[in-house]
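Visitor: Just passing along the structure, written as structure tokens.
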């Protein structure tokens, strides 16, 4: 349109121009800028012109657009010029497209009465990330030549993002991080974006003809939005020239030593632009490539890829040189050579190695445990040195260290090594397991295992330690090796008894060989150091001065203690035995324990009548004829050597004839008159059986016949004692209580005391005279004892059964089991009627050594009588007269060696030490020489003297008891007219050692079970080599083969009884 047409006619132009200038001068024009985000909701207020222009709004003010504008985008309110988003909303991509800025500009006119104003409004629509990038195609194919050098760029289609600025496309990348390509996004000068696929490494179509990759496009919004597309890269062949290595003549590559087999070292892509066979390239190693390298590396002849074929080791070789030759297959093949240098990079692939060398104890022999442990440790150390570290070495090493080793003592040498280099080969070592050991650095890579404290095998016998070696690589490798230290035992602990004092109780009259107790000691050491043996500590027992080893014996292996003799409570109340426990170490250690053997009292003593003194088992009490009822007639006093209930006495009067006229206090012993004797004539005799019993179980009793003679006088009915009973009883004996004391006046007490003193003096004079007379007879008769007994009726004839009559063979032979009744004992012969009834009055026979006493007409061995067998009046068994604490017996003849000696009944104990209760045949405790040579000489002398009774049967059946029994043949010129009678002895007949199959089993309950017990057993059973035989009857001449066989009684303890009694019916030959 021409200017004339645009402005009207030429004449009107100046007027219009003037009007416009006037309007512009009158109107106040201004530009207002607003901004809003796309996608804001319709009706969103963008701004108010009246407020922003500071205009006074009146009723006639209005705002209008200068020209028509799309009201669906923006709206202007007339009243105040408020701008709001239209109903269609604002879409920046639709309004402005890819423009960096999107501004909506328009003019608004404000009318009012005062003025006219033109306002230029600019509304900037800001972008919102409401669109994600998108690729033009989901599959994007790309072709690249295999000869393309590294860095080759291949254009790619750029993804589209309708947003702009930061919300637009920001990056394009490959999802595979290790692909040979990279995508680069660039912006050109005109602002357009382009994407290139960059080749990162050379391609080899023969090894990989295509790559399937994934492209990822992403914008910069918050949060960002992305899109993906598949990228297919096809490698094109190019082979129209001679092969050419892109690396040149020399190529270097670095390879980690832990690279897996098959890893690609280098792709020797020798380019040949020819096609077909001319471009078909074959790759081979050159002639100068070493054989070792050919085994470790592989070259693909078609692709030229150099890969790893074997495991490399930096510690063995760190560099390899390979000659690679490329040759095409065309006529007149062309070749190219490339030297490939492969450098091995060290990695931490070797764990540290630990070598342990234990040290033997100084001076230990080759066969000692220390040397053996050292040899085993050296072998284990060699194995460890030859192995490759595997992280944990299972083979353990054992060291042996004595428990007496001082602190800081060397135990073992530890050496560490690592075949890696640098920090990978630097090793640090630590010792774990116990604070008693520690590591002490020695020199580079070596440490010393030393003791950090004193060792005690009894507390900890073995230490399980752990050696840990770790290098300084990344990540570090470590080796863990178990290490055992055994503590060698030393004899540093003495045996310890379970308790220091053992209290043992044993009843007296125990059988020799009886088990007493067992002491136990423990030694925490091992081996010989912990082997405990027991022995007795020698000491003297009591006043006798005998060694304690003659009383008891201890088993050295088990500590069992056995009695070697029978204990007597009345002579030994307690036996203190010290037992020493010693180990087998060197030096030997020992400790002692005290064994207190308390002997318990047993009812083995019968009551003894003290006052009035009995005569031949009878008492005679004078009773005044005018005595009235309840008059004290006499007081009986008795004693019992036992204690406690065993010594409590009770009195009884039984079998009173012709009537019961007397009673006795059961505990006082006082005899009272219970009837009236005024009508009895003088000389009338009342008889009663006095029974004195103790409180033992079973009780022992003593009986005596009491004759009460009625006298005409009226004197005291209580007879005077010939001696004070208090002075006559032995120490330790008990007197029966005397009951209520009688009322004596002073003159009577003086008379009784003077009479008692005179009686004691007279008794002492008689005893001395009798002893002197007996010794003169023994010297004059050569030790042969004869007892002369005047006949009760006629005078000079010997009583039946007397020793003289027995010696001449005219009297009855004495029974071996008869009981000799000594003066005052009141005992009846064994098997005689008097054993069951009160003894009748018999004629007294004078016996040397006794005064006014009488004996029975028979003499026999002092074994148990029939009353003992019945158990009602049991008495202890005695091996000789007086053994059971009885009154002194008449002298007897003793055969010792080849002669006879005359001794008293009480003295027989000294000559028969093996039956006197002294104990075992210990050193210096034998009646004769019991050494081996002495026994041989004694046996040979017996054989030469014809003292053996062996027969032809002995060679077939073995020796019998008669072969071992002592001979009774003595020097007597009067041979007996008949075969010799069996001898009677006061001692138990025992046999010398003989065939074990014929051994007499006296104490089968104490059979030995160990070597120590066997020695005890033999001590008890075979200590009779020099046994002395005490004979009652004198010896008679005659050869031993002509004598009858000797009857040897066997003894066994009946059930429920601890008393030994002879068995009936075994008086035949054994």
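Placement of Cβ uses the backbone N, Cα and C atoms for every residue, glycine included.
Quantities reported herein were computed from a predicted structural model and do not represent experimental measurements.
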Visitor: Tell me which residue from 70, 616 Swiss-Prot records as N-linked glycosylation site.
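Guide: Annotation hit in Swiss-Prot: 616.
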Visitor: Under Swiss-Prot, the annotation region 'Disordered' belongs to which of these stretches: 906-928, 929-951, 952-974?
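Guide: Residues 906-928 are the ones Swiss-Prot records as region 'Disordered'.
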Visitor: Do you know which of 716-740, 741-765, 866-890, 991-1015 Swiss-Prot annotates as region 'Disordered'?
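Guide: Residues 716-740 are the ones Swiss-Prot records as region 'Disordered'.
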Visitor: Tell me, by DSSP, whether residue 616 (N-linked glycosylation site) is helix, strand or coil?
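Guide: Coil, per DSSP.
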Visitor: So how many other Cβ atoms are close to residue 616 (N-linked glycosylation site), meaning within 10 Å of its Cβ?
Guide: 22
Visitor: Can you check how the pLDDT averages out over the domain 'Cadherin 6' (615-721)?
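Guide: Across the residues of the domain 'Cadherin 6' (615-721) the model's pLDDT averages 83 on the 0 to 100 scale.
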